[in-house]
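What Swiss-Prot says about this one:
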- 1-27: region 'Disordered' (REGION)
- GLY130, GLU131, SER132, GLY133, ALA134, GLY135, LYS136, THR137: ATP binding site (BINDING)
- 405-487: region 'Actin-binding' (REGION)
- 720-740: domain 'IQ 1' (DOMAIN)
- 741-768: domain 'IQ 2' (DOMAIN)
- 953-1040: region 'Disordered' (REGION)
- 1053-1109: region 'Disordered' (REGION)
- 1064-1092: compositional bias 'Low complexity' (COMPBIAS)
- 1169-1228: region 'Disordered' (REGION)
- 1180-1194: compositional bias 'Low complexity' (COMPBIAS)
Amino acid sequence: MAVTKRAGRRAQGGTQPAKGAQGVKKATFESGKKREVGVSDLTLLSKVSEEAINENLKKRFENGTIYTYIGHVLISVNPFRDLGIYTDAVLESYKGKNRLEVPPHVFSIAESMYYNMKSYSENQCVIISGESGAGKTEASKRIMQYIASASGGSSSNIQKIKDMVLATNPLLEAFGCAKTLRNDNSSRHGKYLEIQFNNQAEPVGANITNYLLEKGRVVGQIRNERNFHIFYQFAKAASENYRSTFGIQPPEAYTYTSASGCTSVNGINDEAEFKETLAAMNLIGLTQAEQDNLFKLLAAILWIGNMSFVEDKDGNAAIADVSVPNFVAYLLEVDAESVVKAVTQRIMETSRGGRRGSVYEVALNIAQATSVRDALAKGIYNNLFDWIVERVNQSLRAPQDAARTIGILDIYGFEIFESNSFEQICINYVNEKLQQIFIQLTLKTEQDEYVREQIAWTPINYFNNKIVCDLIEEKRPPGIFAALNDACATAHADPNAADENFIQRMSMVGQNPHFEQRQRKFVIKHYAGDVTYDVKGITDKNKDQLLKDILILLQKSGNPFLVSLFPDPVNTDNRRRPPTASDKIKKSANDLVTTLSAAQPSYIRTIKPNQNRSPTEYDEKAVLHQVKYLGLQENVRIRRAGFAYRQTFEKFVERFMLLSGKTSYAGDYIWQGSAYDATLCILRDAGIPQTEYQMGTTKVFIKTPETLFALEHMRDMWWHNMAARIQRAWRRYLAYKTECAIKIQRFWRLKRGLDGLKEIQFRDSGHKLLGGRKERRTYSLIGYRRFQGDYLGCNNGSGFGDFLMKQIGVTDKVFFSCRGQLQQSRLGRSSVRVPRTFILTKNNFYVVAQQIHQKQLVVTNEYTIPVRNITHMSMSNLRDDWFCLNQASSPYGDQLMWCVFKTELAVQLRVVKPGVDIRIGPQIDYFKKQGKKASVKFQKTTTLQTKFDMYKSGSVQVPPGAPPNSVSKETPRGRAKGSRGGAPSRPAARGNAAHTPTPGAAALGYQQHQPGSAQPASPRARKAPPPAPNSRGNGHAESAQPQAYNNLQPHYQSLVNPRSGQGQQQQQHHQAYQQPTAAQPAATSYSPAPAKAAPPPPPPAPPAAPAAPAEPTYKALYDYVANGLNQLSISAGEQVLISVKEDQGWWLAKRMDGSEEGWTPAAYLEEVQGGAAAPPPAAPTAGGASAGASLAEALKQKQQSNQTLGAGIADAIKARTGRPADDDDDDW
């Protein structure tokens, strides 16, 4: 994982500030963002009224925004145009988002259903309601589009199921939709599509339930409407084979497609849609033989409609053109004479006392013959449509039981025409049932649940349409359907008599306030408005049965496909009344209610803005009427006063137990109390205010959706954090293994005398490169110094160095990488040194900046210096660490940089560019910007209080260093194993123990204390405890860590996110490393028992001199203004306390009253003489004697450490740790 650090103030000045360096983005004018019009959720209206709702919908419609919420209910206004809001890009933007993160959209409803199905293992459904032409079918198609895209699974079978589900749309639209006066693609049947999913939330099947096809449309339509789409598609785009075989003509040639005077529609391309229909048939799996039979029967229906009648001499019906029934007989594969007889005659049977009587053949008049002809066409099409639905289900059937389902209801909308008959009663009855479900689940059930759960609640009045549903479907008292069935049973032979009987029976339902009788018409006051129905022909439509003569004719067909459409054998002796159309629609509606009630519903309420299908017209009066009958105002009020989410205690705990450490551990449920108490515990531990929830008797109620989304987000992040924790542990383990292997390899090379030969050669080439022209630092000359090059591990393939390379997009091999500093100019102020990372590859030298942006570490490539542009590298002749890579030309000028490994950088630069010149002199000349030359002079001084160089106003003060002709010391050799002076070896470190710092770590020693870096105060080194009495001069081997490593620790702490577990663990890790341990006795484990008793311990040393005050007082010589959050501003003459002194020129100071603390430049301070007197020394104790002995031993070891180092790499490191801080006056 990436290493992060605390965010500090923005770095001041600089020629190229890193993008996103602040937590707050720069304010910009969002010209491309679409302006919000109105409110996106009607619950946010300042005034709740039907007029205010209508006005808000109008504003959004005119702005091209068609979707609005009422809580979780979506309001959709039909735009009658393509708004471009259903593209793949828009769809992708809604994946994984809750409804508050994105604008209202049908995709958001689909995402919510799919997420709830996966998360709560509950079946989902969406109920789309509204009047005809409001956009219900389009909404259902878009939900299917989203679910097919968002659902998981990439196997061929799952993808095939998705494609087949989408293919049901064009197929069922062709056979079940038609052009009406109000809608060019009106659904003339109801469809409930259930998409079935497995346990992985992948679609594995589907099932379609069909409701009440309007088969009367096959034989007649009102003016300017059309038959079902498939007839026009087939008549216009049939293949030549079908035209010659089935006698297909243009739609104008058929009575059933041309009588209404509309065969073409603007915006509908019948030829192109016929191709889509054929493609859908092929995709679903209809064979060519099945398609041929299907189109053969469609041709038969068209030709049946062309059979016309004339009166014979007896006034009965006779066929006008005999060739038409002959061709119909050819298509139906029956005898032509049988066809003529079936449509012109009827077999009547008399009975006496329950016994069969005489059989008569009764001739039909023209009206009766036309009715029989139309019944034949309607029966064939109705059964053909049912076969298509069943065949689609057969292809979509899941191979195994589905775990969960998502249901999509697309059903005809509420209809009010000038002339309304039985079809409109059935359609409006189904819409009443859907409205009843909506009221039951969103209004009544919700308020009843509040009362049952004892939740504080103010009841809200609403209209319950159950009284209207009872008016239509009830048996006692009898409703309209019951009266219809009684009329059909009483006067079944004469349709006119049956209609009269029905008028008389309607007097029994006249008591209902929502019913009015008007002569041969009646009015039902529906929730959507008053509708007047015509009684004429209503009982005949309710019978919904084919004459037995027709059934016998069809079952004698030589076409097995046609026979299979009418599988029930004709029982001529059965006297029982078959189910009527009202019985079927009532049963279907109740089954639909049962299915929908078993799932968690979502709602889409569609609104039709005008009756002219205009994309710009908004009929306020018509929309206001829809707002009223849809009950949107009551819905808004209940939503504002209610709760967004409710769940039983058990299911809530099962879902969110991970949010509390008291209820779960490692994903297991550990709570021992009740589910009620566990729910309270989870809500408290998650930080949910008590005002955001109420506890019922069996359920918890969450008031706002924001609270629920917050709980869900915290639950998702729990899994993310657990995965990150496992990844960190694994990476720590791999890093530890690698480090152990490296230590073993290094030790083995050391024993064989091969340790760092290549690095030593590089180091020695550095001496030759300088050529005695530059003073050296002490640490540059020690025997253990190696030129490693890639100190950050950029070539390792993992770790922080690899992370840097990926962030700046560099893949080349790295020759040199190290941390350093950059001298950054500031307008009107002194320049400042800012920490940077330097990376050298074969082609470029990179200056990389790291900053905190929105609590995330942001790495940017600040400067790229091409190696080919570098003319020479400039350095001073003193022991400082400044250098400059001078370029032939650069728009940003040359950069003055500081790096402790500048000699090694020069060597590596010579490797990648052999001809580069290394210029060493008393000053560094460079170009601050293009055409502006500058120089920095270097002066040696012995009065500098800091141990590093100091830059000020173009001049650098440098302490004296080693002579220029100095070379590295020899690598120390290990002692013999039996040496008395050797330190006892320590046991190997465990996996979590601290690791020995590498030489590259010293490069971090200076930069973290500079202005602009965001590090905490540098921890003080702890005093070593006294050694054990039996230890023999081993105090130096067990002392504290070297100063360079102590300087390194604040940098690591500043890069680690303090909120993460990793940061805390890293801090503990370094503290554990700093804590010195007492030396262990060497007698029992490593040497035999002495022959004589051990000599008594030496007498305790005299008390040490009084220590200096813990926090000496200093006075400020100049004003200093802080440049970072970790710095302290001081005024000239102000006195401060110094708690930590660092070698790099920065001291940790705090106000005299302790109110503020921060880093301040040491050069600005002067110690105040005669500070507070030190407290008297404590009386010597045994512990004090041990401490004195330990100090004496440490001083003795200091004298010996320059002569002999410990055996092996471990002893060498121990020897380094034994040096007091006063000797660490130099870095590498």
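The backbone N, Cα and C atoms fix where each Cβ goes, glycine too.
Quantities reported herein were computed from a predicted structural model and do not represent experimental measurements.
Where Swiss-Prot records a feature, it is marked here on the structure.
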{"residue": "GLY130", "record": "ATP binding site", "contacts (Cβ under 8 Å, 6+ apart)": "SER76, LYS136, GLY413, PHE414, ARG605, THR606, ILE607, LYS608, GLN626, LEU630"}
{"residue": "GLU131", "record": "ATP binding site", "contacts (Cβ under 8 Å, 6+ apart)": "ARG182, GLY413, PHE414, GLU415, ALA528, THR606, LYS608, GLN626"}
{"residue": "SER132", "record": "ATP binding site", "contacts (Cβ under 8 Å, 6+ apart)": "THR180, ARG182, ASN183, SER186, TYR412, GLY413, PHE414, GLU415, LYS608"}
{"residue": "GLY133", "record": "ATP binding site", "contacts (Cβ under 8 Å, 6+ apart)": "ASN78, THR180, ARG182, ASN183, SER186, GLY413, LYS608, ARG613"}
{"residue": "ALA134", "record": "ATP binding site", "contacts (Cβ under 8 Å, 6+ apart)": "SER76, ASN78, GLY413, THR606, ILE607, LYS608, GLN626"}
{"residue": "GLY135", "record": "ATP binding site", "contacts (Cβ under 8 Å, 6+ apart)": "SER76, VAL77, ASN78, THR606, LYS608"}
{"residue": "THR137", "record": "ATP binding site", "contacts (Cβ under 8 Å, 6+ apart)": "GLU173, CYS177, ASN185, SER187, ASP410"}
May I ask you to report the DSSP-based helix, strand or coil state of LYS136 (ATP binding site)?
helix
Summarise the model confidence on the domain 'IQ 2' (741-768) as a single mean pLDDT, whole number.
81
When you average the Cβ positions of GLY130, GLU131, SER132, GLY133, ALA134, GLY135, LYS136, THR137 for the ATP site, which other residues in that chain have a Cβ within 8 Å of that mean position?
ASN78, ASN183, GLY413, THR606, LYS608
What number of additional C-beta atoms lies within 10 angstroms of the C-beta atom of LYS136 (ATP binding site)?
27
Counted with DSSP (H/G/I as helix, E/B as strand, rest coil), the region 'Actin-binding' (405-487) has 47 helix, 8 strand, 28 coil
Three-class DSSP assignment, GLY130 (ATP binding site), comes back as coil
Run through the domain 'IQ 2' (741-768) and tell me, per DSSP, how many residues are helix, strand and coil.
23 helix, 0 strand, 5 coil
